[in-house]
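Student: Dropping a structure here in structure tokens format, bear with me for questions.
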């Protein structure tokens, strides 16, 4: 395997070629940094968190594919993944995971002790998540914790503490993650039922759209509470309204529960997150 082929395998293993996950992690992290700083966060902290999000998303993808390597070949969307197709060995994948994980931890060591402690919890949660799909019908709820963990870390890095305001944002992102990852799980539901992978899309069954809607409403309420506790104004409110518009559009997309529209609804959440981030940023700047 030449260098170009190796890069292709690594980029697919870490999903560098598919940045949607990185972006969905990044928007709430950047919002947390802004809220904690009351505007523009410390540049050093900002750079560390952006790089850290990219690295930890890659780590999450590797450990997810390692856990699912014997099942991915039976699922239409995942059968071409490098571990499932045999393009890369499990040993090589785990070595890459360790290298990236240590790199991320090295960045965290540049910050305060509370952030370091929270980061240890974060990496443990990242490792545990893929295996929850074997034991519970609610892995998306565990993923919501994993994907929201950068929020208390961001507050800790910027202020040295994690105030109540941070937990409103944490709750908002948790609800939002459960909603959009259930849309994602709807894409694979038929295959997951065959191979025994558990998900909220299966758990919710015929009430999937309604329960996703409830999580979207809960996320909306908590995003509003987070903004309220930080005394945010009109422009953040416009971001919230745009988020509502995108959420409504997503409900329309998943109405018939077809694979392609459900996947499109999942991807659309990037724009919902961007709207919140831009609204918050504009509210501080203008």
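Residue numbering: from 1, along the chain as shown.
Placement of Cβ uses the backbone N, Cα and C atoms for every residue, glycine included.
Bear in mind that the values here come from a model prediction, so they are computed numbers and not experimental data.
Straight from Swiss-Prot, here's the annotation block:
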- 21-40: transmembrane segment (TRANSMEM)
- 95-115: transmembrane segment (TRANSMEM)
- 142-162: transmembrane segment (TRANSMEM)
- 167-187: transmembrane segment (TRANSMEM)
- 210-230: transmembrane segment (TRANSMEM)
- 235-255: transmembrane segment (TRANSMEM)
- 266-286: transmembrane segment (TRANSMEM)
Student: Please tell me whether the transmembrane segment (142-162) and the transmembrane segment (21-40) touch - that is, whether there are at least 3 C-beta pairs under 8 Å between them, with each pair 6 or more apart in sequence.
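Tutor: Yes, the transmembrane segment (142-162) and the transmembrane segment (21-40) are in contact.
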Student: Sequence gap of 6 or more, Cβ distance under 8 Å, 3 or more pairs: do the transmembrane segment (266-286) and the transmembrane segment (95-115) meet that?
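Tutor: When sequence-distant Cβ pairs are counted, the transmembrane segment (95-115) does not touch the transmembrane segment (266-286), since fewer than 3 lie under 8 Å.
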Student: Report, as numbers and ranges, every residue of the chain located at least six residues beyond the transmembrane segment (235-255) whose Cβ falls under 8 Å of a Cβ in that stretch; write 'none' if there are none.
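Tutor: Long-range Cβ neighbours of the transmembrane segment (235-255): 179-180, 183, 186, 208-209, 212-213, 216, 220, 223-224, 227, 261-262, 264-265, 268-269, 271-272, 275-280, 282-283, 286.
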